[in-house]
Amino acid sequence: MDLNLHLPTLLVTSVMINLLIGGMLWAIYHLRHRERCFLLWALACLTFVLGTAFAVANELPGAPGGLIFVAHLFLGASPLLVLAGIHALMGLPIAGKRRSSRLIHGALLLYLSGLAVSAGWDPVVARFLTALFSALIFSLAIYRLGSIGHRPRLPLRILQTLFGIHGTLMMTQVLVIAVYMSGSVQLDLQGLLKLILMNHLLLVSATAMALPLLAFTRSEQALVVLAERDGLTQLYNRRAFYREGELAFEKARRAGDLVTVLMIDLDHFKQINDRWGHATGDEVLKVVASLMKAELRDDDIVGRVGGEEFAAVLRNNNREAIEAITGRLLQRIVETGREVHGVPVHLSASIGGATLSRDHGSFKDVMASADKALYRAKHNGRNRAEFVPTSAAAKL
């Protein structure tokens with residue numbers, strides 16, 4: 001492969017891509033309420049372009065001294081700004097949390113010190129330091145992306161893969177330079193560094209194109225949450241709960257499995273609102289929602305389907321286990337609800353449960369059965385759970 005033939009074209013292409021994407025990110029920053037992540041990512045593209053320009057200028061005849069230092073200063077800043085943008089997207093300080101902030105500041109100080117000493121002495125050492133610093137930043141970026149609770153996961157996986165390949169490439173450059181400087185093996189250093197540079201340019205361009213995807217899918221996720229979640233409790237709202245419940249119902253029917261629906265109603269909730277005010281009532285609802293999240297499993301479907309009514313779909317066909325769960329939930333509601341934010345509300349709840357049976361032609365039928373069981377729980381004294389008889393919920 002004639003590396004000299006392709007590298008200039010790749011340099012120009014990469015610079016143009018980063019300029020275009022940087023300009024797009026800058027425009028998005030101004031259009032989307034000045035979200036800092038877009039500004040930082042635009043600056044990351046710009047610093048890469050400037051670093052590349054100074055590095056090329058340093059190769060020209062009669063280039064002034066110090067250009068290599070400036071070039072690597074910008075090239076090292078580019079991945080750092082990408083990481084800062086991820087932190088901004090997560091709502092963290094630009095340098096991250098305390099531990100990572102100390103690590104970044106320490107690494108940056110060592111990098112700048114080493115760069116200042118080596119730039120005028122040996123440009124290869126400057127490339128060694130920039131590659132080592134970049135590999136560290138990419139590793140931190142992979143870690144940060146892994147801690148984002150983001151759906152869908154695909155944009156995160158794409159970026160983590162790009163950062164992983166990029167970090168590996170930078171560590172390869174570190175090892176190549178270290179082996180060359182040790183003199184233990186004869187290497188075509190310039191040829192290898194050009195090959196690494198070509199792959200580096202491709203990865204930089206791919207990363208620049210993937211970053212907006214992460215932010216846009218995150219914004220889409222926020223809109224989905226607004227559409228599907230109850231604003232007070234963050235549980236599924238009625239529409240989303242019924243949609244997820246119907247999907248679970250159809251899946252269980254096809255597989256011959258069982259699902260159990262619980263209807264939970266807070267006892268005398270209107271009296272709590274009338275006596276202590278709606279603000280206290282809202283706090284009570286949030287407390288109950290948090291208790292349901294804690295007591296039910298992650299794959300159970302939980303929603304707020306009315307003012308003081310909650311519902312859950314349990315993927316569990318063990319009646320004893322379900323009765324134990326409901327008993328524990330009722331106990332936790334009583335214990336936690338004796339006093340909410342200093343107000344003695346003396347909360348309790350009633351629960352009705354129904355398990356999928358041959359008589360249920362739709363999810364709404366199971367909900368109706370659970371609602372009848374809830375009515376019996378209310379009629380029989382409240383603060384209790386009632387279930388549709390097991391014989392009526394025989395396995396399909």
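Every residue gets a Cβ built from N, Cα and C, even glycine.
Caution: TrEMBL annotation is automatic and unverified by curators.
Summarising the annotation, TrEMBL assigns transmembrane segment to 6-26, 38-57, 69-91, 103-121, 127-146, 158-183, 195-216. Per TrEMBL, domain 'GGDEF' is recorded for 257-390.
According to DSSP, the secondary structure content of the domain 'GGDEF' (257-390) in residues is 62 helix, 29 strand, 43 coil. Ranked by Cβ pairs under 8 Å to the transmembrane segment (127-146), the stretches 38-57, 69-91, 195-216 are led by 69-91. Between the transmembrane segment (38-57) and the stretches 6-26, 69-91, 158-183, 195-216, it is 69-91 that has the most C-beta pairs under 8 angstroms.
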